[in-house]
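Taken from Swiss-Prot as is:
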- 22-79: domain 'TSP type-1 1' (DOMAIN)
- 81-134: domain 'TSP type-1 2' (DOMAIN)
- 138-175: domain 'LDL-receptor class A' (DOMAIN)
- 176-522: domain 'MACPF' (DOMAIN)
- 523-553: domain 'EGF-like' (DOMAIN)
- 565-612: domain 'TSP type-1 3' (DOMAIN)
- 642-701: domain 'Sushi 1' (DOMAIN)
- 702-763: domain 'Sushi 2' (DOMAIN)
- 780-839: domain 'Kazal-like 1' (DOMAIN)
- 876-934: domain 'Kazal-like 2' (DOMAIN)
- 611-688: region 'CCP 1' (REGION)
- 642-934: region 'C5B-binding domain' (REGION)
- 766-840: region 'Factor I module (FIM) 1' (REGION)
- 858-934: region 'Factor I module (FIM) 2' (REGION)
Amino acid sequence: MTRHLTLCFILLIILIDKSEACFCDHYPWTHWSSCSKSCNSGTQSRQRQIVVNDYYRDNSCDQLCTKQETRQCNVETCPINCVLGDYGTWSDCDPCIRKQVKVRSVLRPSQFGGQPCTEPLVTFQPCVPSELCKIEETDCKNKFLCDSGRCIPSKLKCNGENDCGDNSDERNCGRTKPVCSRTYTPIPSVQLMGAGFHFLAGEPRGDVPDNSFTGGICKSVRSSRTSNPHRVPANLENVNFEVQTIEDDLKTDFYKDLATIGKNKNEDRSLSGEKKDSFYVPIFYSSKKSENFQRNSGFKNAIEASHKKDSSFVRIHKVIKVLNFTMKTTDLQLSDVFLKALIHLPLEYNFALYSRIFDDFGTHYFTSGSLGGKYDLLYQFSRQELQNSGLTEEETRNCVRYETKKRFLFFTKTYKEDRCTTNRLSEKYKGSFLQGSEKSISLVQGGRSQQAAALAWEKGSSGPEANVFSEWLESVKENPAVVDYELAPIIDLVRNIPCAVTKRNNLRKALQEYAAKFDPCQCAPCPNNGRPRLSGTECLCVCQSGTYGENCEKRSPDYKSNAVDGNWGCWSSWSACNAAYRRSRSRECNNPEPQRGGQRCEGKHWQEEDCTFSIMEKVGQPCISDDEEIKEVDLAEPEADSGCPQPPLPENAFVWNEKKLYSVGEEVEISCLTGFKAVGYQYFRCLPDRTWRQGDVECQRTECLKPVVQDVLTISPFQSVYKIGESIELTCPRGFVVAGPSRYTCKGDSWTPPIPNSLSCEKDILTKSKGLCQPGQKQSGSECVCMSPEEDCSSYSEDLCIFDEGSSQYFTSSACKFLAEKCLNSNQFHFVHAGSCQEGPQLEWGLERLKLAMKSTKRVPCGYDTCYDWEKCSAHTSNCVCLLPPQCPKDENQLHCVKMGSSMRGKTVNICTLGAVRCANRKVEILNPGRCLD
């Protein structure tokens, strides 16, 4: 019996195999077609070369064989070449530097492997000025004026020391007496403490304070490494030597990707050092305050390494200090080259000339810090191999720390981590966890370059020698760097030179414009939510965890997200200064916009700051120095025994021909600032007794200033001033509502109703009550029940205009009450429009729309509203959006005979077309329901 069953089974397999065993490779594939795109992910296809014969039919090849295949090709993002704008016209000839300049800007940085820009952005030429230079000579008063422009105490002249920096204080001197009774050696590497620091590039620049200046003082400090004391420069408040190597301060950090390193740290600090500055960027402190090293040149190497493989990173770092220093807070002597650069700046603002200060000397200087070195390595690991190792993030950090201490630092306090040698990754490399990394990237500071470079390694190499750390540590003593520093803006040092106030203001303006050139908002969006980073005129993509490739275009198998996070576009230009002496600018979250559930941009979408404007004729920049309280109208007062001084002006008023003294009989016209109008007699006359004949006049407000509200609130429309009768609407982010009225109207000189300073956003009562229920419902136990308009809607929610079908009346209701009433009486209440009910086109169309809706065959809930045949629901705004007439289907639902515009003939349209035409605000007359009669 068993034998017969086996035989039957074999015969069945043969029959099945014969009927369904088509060998598809019998029909070869064609070659792949050419790619549909040369970049940005195209497709290509191929087909089987089918021959329909008996074999094809008998073996069901038509059903079993795939006849066509497609695949992606050229997935690389299209390269974007760098584009420069044309040079502008030559500037006016500056009378102080006798040069003129023309500039051009980078219209588009290179990205995705595009051609870089190599041509200069600025060009200069000598010229002959037509005006005199207004910059005054340096007034040292009772001090000695050096040729460089530096002022030094007179007692320092002819003391045998180069206190001027250019030796001009030691010319024509007879015998000199030494200042100090003995010879001192300078503090090693003291010049490093006086270097400028370019925050945006992350590197030191030219000397700013002059730390060779001793000021005739013989203050000294001793080092345990040398027998002779060192003379302390006058700029230094405090110096103390130390060699500090603490074993327990070796730190490790784990990063899933480079995009998370230093993200948005210390954003409350401003680039210029002013709390209310308009351009905010994180100021980092080498290791005291933040571990942000994104601006280190090694970070670019890390970005390029991350493009080759989906990676995670472990950073291990340690600071070794040789000495600590603190600079004085006032009266710093500037270096000769920095001082000359400041003195030679033009009085008129010129970005090209002022921005060279930041190129040459950086944006900041060191106020305190340490000289020494920083052991700083960034290990790159394959993310897949780390996952397969079975180690947690904390265990990964501990293993890097443990092996570094054991192999390179030879610290005695090393606690063995068993899992560091027995995990899957270490076992592949003879128990070494570090050997399992792809490479280590050197972010080392200080020491000789040869020893610093030897600390890093790459996969496949033998790795650093065991004594490489001790050799580097020894070299740090002779070649230190500034570590653990604090910074201050170099603009603060622009003092005690001619026109210092004017030049400081120009430098602040230039710094804002200069910093904007480092903003990655100029870059195109990177694939897969990569973060763009602007390096010079090239944009790089910093890949998110799970992505890699030259432009982050490749995905790991476990990266499934299709969400696109939002990123900020560039700031707009500043608005004109308004009557409240404020100006503003804005930006949009559109580079790209959030899509498919992606995150919205973090931060402010608009900024405001104080500003000034001139009411006088523009006659060039005034030269304002530190010791002068000079304004634009401060002119030399003529000596005269007749005439009138400036007249007393009403509040918010000015006169166009303002001056110190007016002649007898001269008249002035009283004008009002923007947003005010003069009421009364506007003309004052100067009388012989040096008084003014004047009538009653005042400046009354005719416009409302844009209200100052909390950052979370958005004002629409956004203007500097609003005319009487104009209204604004305040809105909150999705899921929140204004905690009070949202609509305000300019009436007289104030807003109605008054806008409280405490006005903010609160969680939408509808969102809080909803849970898993529909709008207008709340969760009660495991059930959803209708909300009570009286009990559940006491908190504020936005106003809506509602139509009551029962009474045929429209009224203003809160959104909460509307949804609650609609839940209780589902067909009685209808949404008309957002905001309170006010007579006008919006209300008229809303009521007409409800009449048309009675004939609609489509009813789709959409936010507070219901969309009908001629509309679609916007998922982004939860509002009904009208279709264009050509977008309507060509069906015969609810036909009407209508007359459109000036046409005399009737036309048959369906309900969708009728609603779409009316929504477009075109005139339509309904002649009769159904088709038009011929």
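Including glycine, each Cβ sits where the backbone N, Cα and C put it.
When Cβ distances are compared across the two stretches, the domain 'EGF-like' (523-553) makes no contact with the domain 'LDL-receptor class A' (138-175), since fewer than 3 pairs at least 6 residues apart fall below 8 angstroms. Residue counts of the domain 'Kazal-like 2' (876-934) by helix, strand and coil are 12 helix, 17 strand, 30 coil (DSSP-based). Non-local neighbours of the domain 'LDL-receptor class A' (138-175) in the same chain are 210, 212-216, 333-336, 339-340, 343, 496-498; each lies 6+ residues outside the stretch with a CB under 8 Å from one of its CB atoms.
For the domain 'Sushi 2' (702-763), the DSSP-based tally of helix, strand and coil residues reads 0 helix, 28 strand, 34 coil. The domain 'TSP type-1 1' (22-79): residue composition by secondary structure is 12 helix, 14 strand, 32 coil, according to DSSP.
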